[in-house]
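TrEMBL has this to say about the protein:
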COMPBIAS  B:1-18  compositional bias 'Low complexity'
DOMAIN    B:113-304  domain 'ABC transmembrane type-1'
REGION    B:1-28  region 'Disordered'
TRANSMEM  B:36-57  transmembrane segment
TRANSMEM  B:112-136  transmembrane segment
TRANSMEM  B:148-169  transmembrane segment
TRANSMEM  B:181-202  transmembrane segment
TRANSMEM  B:223-245  transmembrane segment
TRANSMEM  B:283-304  transmembrane segment
């Protein structure tokens, strides 16, 4: 393979005195050898599993007996599976709310605390803290804060304003809002840091010129900051969105019930927890693979949209 | 590098001398008031952490008291070690402290911390080595198929890793790696995003240095190690933080492949602790464990803040 490659190609790096074919073959061998560790594992644990997952999604498979081919039955079942549709709509609501709140707060925080003074640095540190803290520890902490009894912190604060104790984690209508709250709380610091970096690439001269022309702060924001920040905003929105689609720990730790992973009446069931439930507690690995492919397709579409938006932006 | 470090770009910076100063001061104080709600928000960031810390040091009676105390009245370390706990006695007032549990595992609770550190470190080192080799070849070697390879790597970044959960579990099971370090580490080494990031970074580095080393007769491996790796240092630092944090917090994969007690990492150990004990009297122990599990990364972050945020910012803007 390497020999054929050498014949047809003019090596770009063939400097003076390195003309001999044998040498080039040896160098190409080295190149492939250097790629090998990554490529072998990449193929073994990413490419092949993805293909295999597509195959498994067309079968019934319990992990013990060999897979039995059933065509598109799993996907037809997905469209009629009330739990899946419920998980999907839950996820969409959660993703939308979490993305809007996280990005919005992150941008406000970045605008407020973008400076290099110690005050701003302290504030950035505080908001970034959840991003470096153990996720599971954070969720255990939230679980305790939302304890149904009146010694829970949320209920104590609620009590100050005359509210009765609320069963935060056992009330179906509160599940998604609590999850959005937790996601925003822990995600906005990370997005803020990216926004700050983006803001600092905008030349200060633009603002100076705008000020000389008498532009208000709001006009400067609308006319300079927002348009120039657009690629960064797209990046933040899309990565937050993709991460939100993959939510698992919040459901598993905070809303796990004795018998299922979805919280009270499945009120907190999302796509990945459902995938886990089907695959690793009910061992319907074929069906779980179909759920995995549904998730893949959703994220694929989002990524394509991002690419198109990105390209459109560049052409503007 | 995309992240430019520039002087503070604050709009209220006192750049103009003389006459405008008064107006600028006025604007600054207005901006200060506008920030007040965000300062309040900062308090809500701190409170949950504070709650975790004080709960970890409250005795059981104080944890379940109503109204709760905001400053522990009788701080105690029974959440870690309760001297009055006896293994045989079922005394509801005294539950086993964190370090008195997990007696079936060598090192007790520390075993999970050791697991977490070993796994995260080894994955980070191996992932960066493999990715830097691949990135070097893709950007600086003119071999056949490198475009296709890079395109595949790019494309794979769109795959949510959960999509490969089931088949990866089957692969690991077939290899006999369930419940082992190998099962943790090997599947986690290929990281498409890291290759992509390093490729972007290497593209901005001129070929001359590598060319010069080649003319001097250095082999490709030596060029990679002695020329490319040092050049990549800022990018590798950014990625190591990125990979390390992700692996430290990884939960779903370990949840699936860990069976025995001694192979759990911290997140899995915490989750098991939580599902085994749900009563309020165990909350002190759970918060003690959470605190210990959070501490290393938080301390690291406070020490190397600049690198953390720069790393995050770099990886964000390169995308």
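One is the number of the first residue shown, and numbering goes on along the chain from there.
Just so it is clear, glycine is given a Cβ too, placed from its N, Cα and C backbone atoms.
Sequence-remote contacts of a segment are chain residues at least 6 beyond its ends whose Cβ falls under 8 Å from one of its Cβ atoms, and for the transmembrane segment (B:181-202) they are 1, 118-119, 122-123, 126-128, 130-132, 134-136, 138-140, 150, 153-154, 156-157, 168, 171-172, 175, 228, 231-232, 234-236, 238-239, 242-243, 247, 250, 253-254, 257, 263, 265, 315, 318. Remark: the transmembrane segment (B:36-57) makes no contact with the transmembrane segment (B:148-169), by the rule of 3 or more CB pairs under 8 A. Among the listed stretches B:148-169, B:223-245, B:283-304, the one sharing the most Cβ pairs under 8 Å with the transmembrane segment (B:112-136) is B:223-245. Here the transmembrane segment (B:283-304) has long-range neighbours at 52-53, 55-60, 63, 78-80, 95-98, 101, 109, 113, 116-117, 245, 248, 266-267, 269-270, 273-274, 277, meaning same-chain residues at least 6 beyond its ends whose C-beta is under 8 angstroms from one of its own.
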